[in-house]
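Student: If you scroll down you'll find the structure; I have some questions about it.
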Amino acid sequence: MAPSHPAFQFWIHLYLWCLLLMPAVLAQQGSHTHAEDRLFKHLFGGYNRWARPVPNTSDVVIVRFGLSIAQLIDVDEKNQMMTTNVWLKQEWNDYKLRWDPAEFGNITSLRVPSEMIWIPDIVLYNNADGEFAVTHMTKAHLFFTGTVHWVPPAIYKSSCSIDVTFFPFDQQNCKMKFGSWTYDKAKIDLEQMERTVDLKDYWESGEWAIINATGTYNSKKYDCCAEIYPDVTYYFVIRRLPLFYTINLIIPCLLISCLTVLVFYLPSECGEKITLCISVLLSLTVFLLLITEIIPSTSLVIPLIGEYLLFTMIFVTLSIVITVFVLNVHHRSPSTHNMPNWVRVALLGRVPRWLMMNRPLPPMELHGSPGLKLSPTYHWLETNMDAEEREETEEEEEEEEDENICMCAGLPDSSMGVLYGHGSLHLRAMGPEAKTPSQASEILLSPQIQKALEGVHYIADHLRSEDADSSVKEDWKYVAMVVDRIFLWLFIIVCFLGTIGLFLPPFLAGMI
């Protein structure tokens with residue numbers, strides 16, 4: 001018994017309809033293929049691809065031209081050229097390629113190899129590598145009205161004048177000039193499809209951004225020929241993306257400059273100022289060797305980053321020279337140099353106040369008692385308290401004056417010295433002529449005590465001399481510190497102004 005399921009019946013009917021319609025479809029396809037074959041024979045049977053597609057030789061072929069950019073591949077600053085991947089949109093009318101669609105199976109368009117038809121010899125005038133014309137001959141799209149639409153792709157290396165003054169914040173203006181190489185304006189004339197470059201299919205570059213891309217129509221008479229030749233020139237305004245160079249060039253330079261400033265904050269006693277300067281200079285030299293390939297190698301102008309690197313190099317070199325001078329001042333002493341009066345007045349008095357530097361007090365003045373200071377007179381063993389007691393006892397000593405004179409008269413004169421009250425020693429010969437009122441307080445001492453007191457005097461003089469030398473040395477050290485502080489602030493200001501000078505010109509030019 002045959003199956004009666006509705007689905008089975010549906011598939012049976014569909015199969016029968018396919019068998020009935022397939023011959024008609026195949027016949028129609030065969031007719032379309034046959035019509036396309038007939039159309040090819042009709043169009044290219046007696047077609048001459050070398051002749052201009054005009055009925056009269058005086059007619060002008062109007063070529064509508066447009067440009068679409070797919071990728072900005074590279075901008076070579078050293079070789080002064082721009083590499084782009086573009087599509088050349090060209091459209092013209094060929095009266096020999098017209099047909100009636102009704103006679104050829106309603107075929108309204110046809111795609112044919114571009115080698116079979118006449119095409120305009122549009123080339124890139126400012127080419128930089130020898131490939132002036134299109135190398136990949138794609139198919140052209142023909143329409144029954146005779147309109148030919150041809151969009152070949154091409155990779156061009158065009159000459160471009162690169163201005164790297166504001167590198168890496170630079171903006172370039174490159175052009176691509178297209179025109180017929182052999183036909184003048186009386187044979188071929190150009191029209192722009194669009195006034196701007198088509199950016200719909202543009203693939204963004206990681207280094208450059210297209211700010212503007214416009215085209216202009218020009219007619220020019222060259223020295224070689226009497227005819228006028230038309231061209232369409234496209235101007236690309238491109239701006240460099242500075243992030244890569246900011247991270248790899250500018251920030252390291254700023255850090256090196258900061259290290260140079262810190263040299264003047266490092267104390268001279270540590271002995272590492274010159275080491276730090278040389279280390280910074282060596283690091284900058286190695287850094288310059290590494291970035292030689294990054295900076296555009298051109299002698300037309302000095303790039304902004306090159307000026308900043310040169311500024312940093314001079315900056316570091318000057319810091320070394322100044323550091324050597326500061327160390328020389330720091331280690332001066334009274335035995336080698338005398339401090340001029342203007343240095344004492346300016347660098348020990350006025351300049352520290354301007355720099356807000358407060359010199360700490362000496363330890364004797366900071367911690368000592370007022371009653372324990374040494375006196376510069378011959379009473380150097382006395383204290384202020386002793387001096388007051390001495391003044392109080394002067395009257396008592398005057399009363400004992402006669403008795404002391406009597407005691408001195410009975411002692412030998414040749415081997416004794418005298419000691420004034422409270423330890424003041426005078427070496428003199430004693431005799432009858434010494435018995436005067438001014439010598440009433442003299443006390444005779446033995447030679448051993450005299451030698452001991454002479455030794456004490458020598459030690460005291462030596463200590464005073466060392467104290468004076470130490471004071472002068474401390475003054476020289478403080479002068480070195482003041483000079484360090486002067487150049488610290490000076491280098492901070494110069495570093496700040498140099499950094500502002502790096503960013504301000506491109507900012508004012510609208511490139512940042």
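All positions are counted from 1 along the displayed chain.
Glycine is no exception: its Cβ is also placed from the backbone N, Cα and C atoms.
These figures come from a predicted structure and were not determined experimentally.
According to Swiss-Prot, the record shows the following:
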type: SIGNAL; residues: 1-27; note: signal peptide
type: TOPO_DOM; residues: 28-241; note: topological domain 'Extracellular'
type: CARBOHYD; residues: N56; note: N-linked glycosylation site
type: CARBOHYD; residues: N106; note: N-linked glycosylation site
type: DISULFID; residues: C160-C174; note: disulfide bond
type: CARBOHYD; residues: N212; note: N-linked glycosylation site
type: DISULFID; residues: C224-C225; note: disulfide bond
type: TRANSMEM; residues: 242-266; note: transmembrane segment
type: TRANSMEM; residues: 274-292; note: transmembrane segment
type: TRANSMEM; residues: 308-329; note: transmembrane segment
type: TOPO_DOM; residues: 330-485; note: topological domain 'Cytoplasmic'
type: TRANSMEM; residues: 486-504; note: transmembrane segment
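Give me the local environment of each listed feature.
Tutor: In the three-state DSSP scheme, N56 (N-linked glycosylation site) is classed as coil. Every protein chain considered, the tally of other Cβ atoms within 10 Å of the Cβ of N56 (N-linked glycosylation site) stands at 5.
Residue environment of N106 (N-linked glycosylation site) contains 11 other Cβ atoms, counted within 10 Å of its Cβ in all protein chains.
Counting every protein chain shown, 23 other Cβ atoms lie within 10 Å of the Cβ of C160 (disulfide bond).
Sequence-distant neighbours of N212 (N-linked glycosylation site) (same chain, 6+ residues apart, CB-CB distance under 8 A): Y235, F236, V237.
Neighbour count (other Cβ atoms within 10 Å of the Cβ, all protein chains): 7 for C224 (disulfide bond).
Listed by sequence, the residues of this chain that lie at least six past the ends of the transmembrane segment (242-266) yet keep a Cβ under 8 A from its Cβ atoms are 167-169, 207, 272-273, 276-277, 280, 283-284, 287, 291, 294-295, 305, 308-309, 312, 315-316, 319, 322-323, 326, 484-485, 487-488, 491-492, 495, 498-499, 502, 512.
Residues 248-249, 252-253, 256, 259-260, 262-263, 266, 309, 312-313, 316-317, 319-320, 323-324, 327 of the same chain, all 6+ positions outside the transmembrane segment (274-292), place their C-beta atoms under 8 angstroms from a C-beta of that stretch.
Within its own chain, the transmembrane segment (486-504) has Cβ neighbours under 8 Å at 169, 250, 254, 257-258, 260-261, 264-265, 304-305, 308, 311-312, 315, 319, 322, 326, 351, 355, 512, counting only residues six or more beyond its boundaries.
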Student: Return the count of C-beta atoms lying within 10 angstroms of the C-beta of C225 (disulfide bond), excluding that atom itself.
Tutor: 9
Student: Using DSSP reduced to three states, classify C224 (disulfide bond) as helix, strand or coil.
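Tutor: Where C224 (disulfide bond) sits, the three-state DSSP reduction gives coil.
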Student: Let's check the environment of C174 (disulfide bond): how many other CB atoms sit within 10 Å of its CB?
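Tutor: So the Cβ neighbour count for C174 (disulfide bond) comes to 22.
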Student: Cα of N106 (N-linked glycosylation site) to Cα of C160 (disulfide bond): how many Å, rounded?
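Tutor: Approximately 49 Å lies between the Cα of N106 (N-linked glycosylation site) and that of C160 (disulfide bond).
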Student: Cα-Cα separation of C224 (disulfide bond) and N56 (N-linked glycosylation site), in Å?
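Tutor: Cα of C224 (disulfide bond) to Cα of N56 (N-linked glycosylation site) measures 27 Å after rounding.
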Student: Expressed to the nearest Å, what is the distance separating C174 (disulfide bond) and C225 (disulfide bond) at their Cα atoms?
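Tutor: Rounded to the nearest whole number, the Cα-Cα distance is 27 Å.
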Student: Need one number: mean pLDDT over the topological domain 'Extracellular' (28-241).
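Tutor: Taking every residue in the topological domain 'Extracellular' (28-241) and averaging pLDDT yields 90.
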